[in-house]
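> Mind having a look at this structure? Questions to follow.
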C-alpha cells in the first residue's frame, strides 16, 4: 500500500511488488496464468522516469558511433528503447489517467520528453538510415512534433499559468525540455535543414538561459527535489554539452561557442563530482534514478570527443579518453546493478512513489 | 533569571575578595532591573546601576557614561544577564546553569575584576562595564569543569598580574590558531618563560562554523560590518584588539586599486591612440613597484594572520561578503602580471599562469557550488555586489592567458565566468526580497558592477584578436552601468570609510583601460576624449582615496578599527529575544511596541520570541511572492 501524494488531486495508488525486468529478453507472456494481472501491474508502476535507461543507452550508442566513426553498437539501445516505448504506449492506452497524473507532476512532466530524445539519438546513431534519406526525414518529424507540442504547453505554462510558474516548478529535470529541443536541432542540422535546426536551437537556448539562472538562484532552497532524485542534478552537465553538439552540427565546426559551452559543461561536471556528499543519501539504495548519472556523462563524453577531434592536442585527447571511459564504466555498472536488482526496478509496497521520495528527506 | 545563583555561599576555593563582590552585586540586583526598564523608555545616558565593582571597596559605584543609547541598552542587558555571582557557585547549584541559558555568557568574577583593573590603569578610556562573552565550546562534555578551571586560572592570573599584557590576553585565544596553543609552542621554542600550564585547554576549542544566518542577523550595513544594536560580540569592544585581528582581508583592496592603476598607465603609455599624451613608461614602473611592495606587505601580514589567528580567518571566510575578497590576492597577482613593465619582463612563462589560476579555480568550484547546491548559502539569499569579485577573476585570468598566447584554457575560464556572471547579474538586478545583503542605498560597492563587463570585453578582444562585436557589446554594457552610477553620484553619501573602498576603484580603472582598447579600434576625438576623461577620473579617485587613507592612518589612527564582523556570537543574546526582536531598520515605535508586548513576561516566555523571528524568506513561502 502506498499513498501517492504528489498533489491534492492525486488518487491513492495501490501497488504491489513485481518481480520482473524490462531489459531481460524473457518475454512477460511466459507467465500464463497471471499474465494480464502482471502486465497491468507493470503498467501501473512504469513511469516515464524509466526512460532514463533508454536515454543512457541511446546516448552510449551515439558515443560509440562517434568514437569509432561509423560502426554502430546500437542493438541493445534499439531493443531497450523499443521495449520501453511499447510498455509506455500500453500504459497510455490502458491507464491513461496515470499518464495524465504524471503530466501534472512537476518532475514527471519533464520525463515525457525522454522517449523522444532517445529516439532522436537513436536516429542519429543509426547505421541504417543516412541523414539524407526520406525515412530519416519522416522519422525526424514523427519525433520532433511531440517535442514541439510539449514545448508549447510547458513553456507557455512557465510564464502564464497561475499555479505552475517557473519559479515554483523549476527543478533540474526541467532541463530535459531544453535537451529535447537541442536534440531535435542537432538531428535537423544533420539532415541539412539549417533553419529548422536554428529554430529549435534558439528555442532551447532561450529557455535554457532562463532555467539556468532560476536553478542557480535556488529560490526555494533545495526542497524542490526529493533526496532520492539528487542524481538528476547531473542534468546540469547534459544541457550545455547537448547545446555544444547542436551548435557544432549547425555551424559545421566545433567553433568557439561550442567550446565555451563544452567548457561550461566540464566545469559543472567537476563541480558536481567534487561534492559527493550531495549524492550520498540517494546512493544508499538502488533505484532507477541512478540511471540519471549515465546520460549526462555520455553527452559530455560525446562533446569531448568532438572537441578532441577539432583541437587535436594531448590534453584534449586525454580528456576525451577519460570521459569516455568514465561514461562507459558508469553505464556498465548501472546495467550490472539493474540486473542484480531487478526486483527493485518496480518498487513495491516498501518504497514510495517515484517523484515523491521526498518523504525520506 | 538565574537569581538563585547569587545567594548561595561563596565558593570556598576563591579568595576573600569575592564575597564582597557577590554582596555588592546582590544588593544592586533589583536596581539593575529597574534601571533597565527605565532606560528603555528614556533611552538616555542614564547611569548604569553600577556593575563596576572594585577590588578595594565593594561599595563604590562608578558611573558609566555610554556613548549612545544602544550601547546603554546593550550593556544593560549584558549586565543583567550575568547575574550569577559566582560561576562556580552556579555550577555547584546546577551544572546546566553554567552556560547561562546556553549561550556565550560571561564569567563575571574574573572579568569584573579585569574591568576594574583595566579602568584603573587606563583612565583615559571610557570605563565601561563589559562582561565579555567567552565562547563556550559547543557540545563540550564537561562545561562545569571547564569553567571552573578557567575561572580559577584567570582569577589567579589577574590577581598576580593586574597590568595586562595584551599578548597574553586570554580573551583573544579562541581566535588564535588552535586556540593559542600554536602561540605557546612558538614561545616555548623561543625560550620564553613558560606560563602556567593551562588547565583548561579544552575551553577554547574550535568554534563551529557560524551559519550564514547569524551573520545576517547580527550585522548590517552594505558591507555587513556594523553590529546591530541588539547583538553582542565575543571580543571586548572597548579595547583595541591585536593588530592581526583587526586586519581584514579587504585590505587586499589597496593592492587591487594600485595595481590596476599600474596597468592603466602602462596601457596609456603603449597604446597608439593615446600617443598624443606622451606618457612615459616610468609612471607604470613606479606604480608597479609600489604595488609589488604593497602586495608583499599585505600578503605577509595576512599570512601571519592565517598562521596565528586561523579562527578569525575562518570567520572571515564564512562571512557572506568577505568570502569574495578571498579571490582578491590572486586577482592582484594577475594584475601584477598584466601590468609588469616591459623593462622588467617581456614575456612571462605560461606555467606562471597555471600556477596563478589554480587557487582561483579551486575557490570557484567551492563557491559556485555553494550557490548552486542550495542550502543556507544559496545565491538568492547571499547575492550582493561583492560577488562580482568572484566572477572577475575568471575574466582577468582569461585576459592574461590570452595575452600570454594560451589558447584553450582562457576560453575555459571565460566561459565559466560568463555563465556565472549572467546568473549573478540577473539575480542582483532582480533585488529579490529574500536577498538580505543588498544595500538599500547606493554605496561604492555598486561600482563593482562595472568590473566584469569591462574586463570581459578586454578578454574577449584578446581571445578573438580584435575588438569585435562581442567585445563591443560587453564594453557598452560596462559603459552604461558606469554612467548610470556616475549620474547618481550625489546619492553616495554618508558612508563610513573602509579599506574595502579601494577594491571598488579598480572597476573604474578597468573601464578606462577598456575605453583605451576601444579607442585603439575606433580612433576619433570622441573616443579619445572619453578615454582621457575616464582615466583622469580614475586617477583622481585613487588619489582622493589615498589621501583619505593616509588621514585615517596617521591622523585619525583608525584605519584598522576593531573588526566587528568576525566577532559575532554564534547565538542571539537571549535577553534580546525577550525584549526586542530588532530586524533591519527598527523604528522607535516598533521598539516600544515590542517592549510593551514583552514588558511583563512570564517566567517561561522564551518560546514566544523564537516563533516571532521567522526569517523573511521562509515566511513568504517557497515562491516568495513571485506569483504576481
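Using the three backbone atoms N, Cα and C, a Cβ is placed for every residue, glycine included.
Curation does not apply to TrEMBL; its annotations are automatic.
Pasting the feature list from TrEMBL:
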- B:41-81: region 'Disordered' (REGION)
- B:53-81: compositional bias 'Polar residues' (COMPBIAS)
- B:110-140: region 'Disordered' (REGION)
- B:115-126: compositional bias 'Low complexity' (COMPBIAS)
- B:243-265: transmembrane segment (TRANSMEM)
- B:285-304: transmembrane segment (TRANSMEM)
- B:325-345: transmembrane segment (TRANSMEM)
- B:351-368: transmembrane segment (TRANSMEM)
- B:389-406: transmembrane segment (TRANSMEM)
- B:412-430: transmembrane segment (TRANSMEM)
- B:442-461: transmembrane segment (TRANSMEM)
- B:473-492: transmembrane segment (TRANSMEM)
- B:499-518: transmembrane segment (TRANSMEM)
- B:530-556: transmembrane segment (TRANSMEM)
- B:601-628: region 'Disordered' (REGION)
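A description of the local structural setting of each listed feature is requested, covering burial, neighbours and distances.
Distant neighbours of the transmembrane segment (B:243-265): 172, 175, 223, 235, 279, 283-284, 287-288, 290-291, 294-295, 298, 301-302, 304-305, 308-309, 312-313, 316, 322, 325-326, 328-329, 331-332, 335-336, 338-339, 498-506, 509-510, 512-513, 516, 535, 538-539, 542, 545, 549, 560-563, 565-566; these residues of the same chain sit at least 6 beyond its ends, with a Cβ under 8 Å from one of its Cβ atoms.
For the transmembrane segment (B:325-345), the list of distant contacts is 248-250, 252-253, 255-256, 259-260, 262-263, 266, 270, 281, 284-285, 287-288, 291-292, 295, 299, 302, 316-317, 352-353, 356-357, 359-360, 363, 386, 389-390, 392-393, 396-397, 399-400, 403, 500, 503, 506: same-chain residues at least six beyond its ends, Cβ to Cβ under 8 Å.
Same-chain residues lying 6 or more positions outside the transmembrane segment (B:351-368) and placing a CB less than 8 Å from one of its CB atoms are 323, 326-327, 330-331, 333-334, 337, 390, 393-394, 397, 400-401, 404, 406, 409, 413, 416, 420.
Residues 324-325, 327-328, 330-331, 334-335, 337-338, 347-348, 350, 353, 356-357, 360, 363-364, 367-368, 413-414, 416-418, 420-421, 424, 448, 451-452, 455-456, 458-459, 462-463, 503 of the same chain sit 6 or more residues outside the transmembrane segment (B:389-406) yet have a Cβ under 8 Å from a Cβ within it.
Same-chain residues lying 6 or more positions outside the transmembrane segment (B:412-430) and placing a CB less than 8 Å from one of its CB atoms are 357, 364, 368, 371, 379-380, 383-385, 387-388, 390-395, 397-398, 401, 438, 449, 452, 456, 459-460, 463.
Non-local neighbours of the transmembrane segment (B:442-461) in the same chain are 222-223, 384-386, 388-389, 391-392, 395-396, 398-399, 402, 410, 414, 417-418, 421, 425, 428, 467-468, 470-475, 477-478, 481-482, 485, 488, 491-492, 495, 500-501, 503-508, 510-511, 513-514, 517-518; each lies 6+ residues outside the stretch with a CB under 8 Å from one of its CB atoms.
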> Using a Cβ cut-off of under 8 Å, list the residues of the same chain at least 6 residues beyond the transmembrane segment (B:285-304) that approach it.
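Contacts of the transmembrane segment (B:285-304) (Cβ under 8 Å, skipping residues fewer than 6 from its ends): 244, 247, 249, 251-252, 254-255, 258-259, 261-262, 265-266, 329, 332-333, 335-336, 339-341, 343-344.
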